[in-house]
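Enquirer: First the structure, then my questions, so here it is.
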Amino acid sequence: MKIKQIKQSLSLLLIITLIMSLFVPMASANTNESKSNAFPFSDVKKTSWSFPYIKDLYEQEVITGTSATTFSPTDSVTRAQFTVMLTRGLGLEASSKDYPFKDRKNWAYKEIQAAYEAGIVTGKTNGEFAPNENITREQMAAMAVRAYEYLENELSLPEEQREYNDSSSISTFAQDAVQKAYVLELMEGNTDGYFQPKRNSTREQSAKVISTLLWKVASHDYLYHTEAVKSPSEAGALQLVELNGQLTLAGEDGTPVQLRGMSTHGLQWFGEIVNENAFVALSNDWGSNMIRLAMYIGENGYATNPEVKDLVYEGIELAFEHDMYVIVDWHVHAPGDPRADVYSGAYDFFEEIADHYKDHPKNHYIIWELANEPSPNNNGGPGLTNDEKGWEAVKEYAEPIVEMLREKGDNMILVGNPNWSQRPDLSADNPIDAENIMYSVHFYTGSHGASHIGYPEGTPSSERSNVMANVRYALDNGVAVFATEWGTSQANGDGGPYFDEADVWLNFLNKHNISWANWSLTNKNEISGAFTPFELGRTDATDLDPGANQVWAPEELSLSGEYVRARIKGIEYTPIDRTKFTKLVWDFNDGTTQGFQVNGDSPNKESITLSNNNDALQIEGLNVSNDISEGNYWDNVRLSADGWSENVDILGATELTIDVIVEEPTTVSIAAIPQGPAAGWANPTRAIKVTEDDFESFGDGYKALVTITSEDSPSLETIATSPEDNTMSNIILFVGTEDADVISLDNITVSGTEIEIEVIHDEKGTATLPSTFEDGTRQGWDWHTESGVKTALTIEEANGSNALSWEYAYPEVKPSDGWATAPRLDFWKDELVRGTSDYISFDFYIDAVRASEGAISINAVFQPPANGYWQEVPTTFEIDLTELDSATVTSDELYHYEVKINIRDIEAITDDTELRNLLLIFADEDSDFAGRVFVDNVRFE
């Protein structure tokens, strides 16, 4: 079988061309006549469920009607007609003339042959295809799913299958296909729960299946379109122009401009990102032409910490310097009503910055964002409703600021909308009367599914629930949209990353020239963060200043950051292998030999001298150590790190590398025996040598790299694969040279592939409050996904009672946010409410290995749905580690604290507010803590 185009090269435009006569021979209208833009089919009501699908295919010139003005949506479709739709839509051609069915004499035999070769059709049991029979719903499901799987991958059946009241009536051949068609959103049952498998399919049902199928298999060509991504020095002042009937962003010359870039996280938490090296990296290495400065107002932001505004000024100046548009984001979040008292400084804030820059030659780089996410969130003040009334509230807040900013210039203004800026459709129904206004949309690809169609005409606003469809509605109704925040996770920051879904969204945004800013430039431990976070025992947090080279290395980016960088640049996303690791063990940069000495059993040990020279281990006297053969290394000088007091975990290591530095190229031979609790002595299989040709110029001498594998050194493999202990605490090196008396060794490094060690927690059990842990389970407690610590949660004895326990240590290099490295316990319980309780109380025990500096700050957070899923308890419990000796000490020598945190003073919840879950966060306040802790008797009181 021939296929004209496979998915990667089959653009949607080509698909459309291939299926211009999709419904022929059903259509009697002249398909060569040009259509007017008006939808012509009077028998398809604009309020019908099928209208968006038929309109979608008609506007793309995919289908014709049964006459010039009728579509006959409820007429049946034959098996041949639907086969023609699929084969032409997918660009399939038959490669053989051996028609497989008895009834060859039919108008569609070529398309049927192509579909057969692709595995899309199989025919009837009597050996015929029956082209003129009406196609049933189950047959359509089977053919559509086979077509999808032909171009994509085979789908797995969903774990929870869709139950239909007539499931027993679905033929065996179609049972899996009906389930997969539901997953693909191609077909579903009626409102009464019946699939009606034997009922004939209709033209309108075919339109939905074909429209949706083409959307699913269309290539994402627009991911790589960068023609409109222009810097401010190229595009100049921004304006809105009409393009293809929709308002879109353009430069001074009227040609489309798309902004792509990143949003900071809250500047009060991650303000270190505002530095020159970072802005250079974003502009030059990432290709960003825009940055968004997210200045929170509440949540310890501008309202209580006004100096955060200084970071906004710094960010604007850096954006000017490095040729990026800059969004000044008044980050309305908690509370969700921008008219709340905490936001009362908005007018003055925008006026101050507008006045400061109104005469600046790069003033047009600035974009104003007036309200990040209006929402029902009533944490710290009132929220607003997800309806017209909610939009009226936003509009009431925004209009005076818009009027003031319009008097000072024509900079683009972005306005948020209800339901966390997911409702630009509401803004389109009642827009602000001013020039250069765009409306925000926010989405997270794990939570907000795509839609390739809009709504039927007259759909009430209360039923407009798909975020992408809301964007389509806004565009179709005359307003411009800007995606000022989107992420690759779920909306709560967890789960994913959802890159396939992100590709669909970004392809849509790029196709419609909608600008976008990804959330966010942070090393916080959340999926949507762009940088590698701290996770105890796994990763160190990436510095938000990339350093003098002004580039973050790929491994410093998170999965999301690596993906988004590629999408900003419009290049293929090729993720690095994150299972590879390298650990530098001895670098000799401290001016010492780092524990190395001549081994007591070494031959000619009296002739050998070790020293540190130029931050490398120098060996003198090697003219007595000249065996460079592979197996007879025993006569060579033997060194060992007997004086090294440290150890290193080398789980998964497969190679040991050593830099060899010489005055003149020569041959050097090295054999190695790593040592540790799992391996004391095992003879090397061979010595590894480098020859004259391996050396390259290095400073005043030459350098080569010796690579010793686990095959060369069995001890390396023994330690790296031990199920008990993977620490290397020493190494023995056999060193020989051909004719060099002095050489130096440097950068002794192990590398390999990370092996994931399963963290085994004690049984989770049933969520119970009070939590006493006396049943030997965790009683529902677990690590939150954003926890900086995810070590084993076990039940241990503390002060004569069972307690929840874990080990951890805070890092020496501190992020600015003490929560980033904090253990975060998460507890979910049905019908969790405060009731008449005033406190969260529990016993906290410390078994310290190191605890002499700083403090542990214990925070509590509820995540009630009615409060925007975040309600931080205003008070904390502080443990001053410098005064640990003043704590009560138990009989088992644990430090004991009776923790009480006031929950009565939370104004935004009532006694019967559903709290959903409780987080306990043990934040680092410049402490050196390392050890084990215990939590017991968690309760409300």
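Please read every residue number as a count from 1 along the shown chain.
From the backbone N, Cα and C atoms, a Cβ is placed for every residue, glycine too.
So Swiss-Prot lists these for the protein:
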SIGNAL    1-29  signal peptide
DOMAIN    37-94  domain 'SLH 1'
DOMAIN    161-224  domain 'SLH 3'
ACT_SITE  Glu373  active site, proton donor
ACT_SITE  Glu485  active site, nucleophile
Enquirer: Do me a favour and check the Cα-Cα span between Glu485 (active site, nucleophile) and Glu373 (active site, proton donor); whole Å is fine.
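Expert: Taking the Cα atoms only, Glu485 (active site, nucleophile) lies 10 Å from Glu373 (active site, proton donor).
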Enquirer: If you count Cβ atoms within 10 Å of the Cβ of Glu373 (active site, proton donor), leaving out that atom itself, what do you get?
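Expert: Around Glu373 (active site, proton donor), other Cβ atoms within 10 Å: 23.
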Enquirer: Per-residue pLDDT averaged over the domain 'SLH 1' (37-94) comes to what?
Expert: 90
Enquirer: Around the Cβ of Glu485 (active site, nucleophile), how many other Cβ atoms lie within 10 Å? Please give the count over every shown protein chain.
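Expert: The Cβ of Glu485 (active site, nucleophile) has 27 Cβ neighbours within 10 Å.
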Enquirer: Could you give me the DSSP helix, strand and coil counts for the domain 'SLH 3' (161-224)?
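Expert: Taking the domain 'SLH 3' (161-224) as a whole: 34 helix, 2 strand, 28 coil.
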Enquirer: For the domain 'SLH 1' (37-94), DSSP counts of helix, strand and coil?
Expert: 21 helix, 4 strand, 33 coil
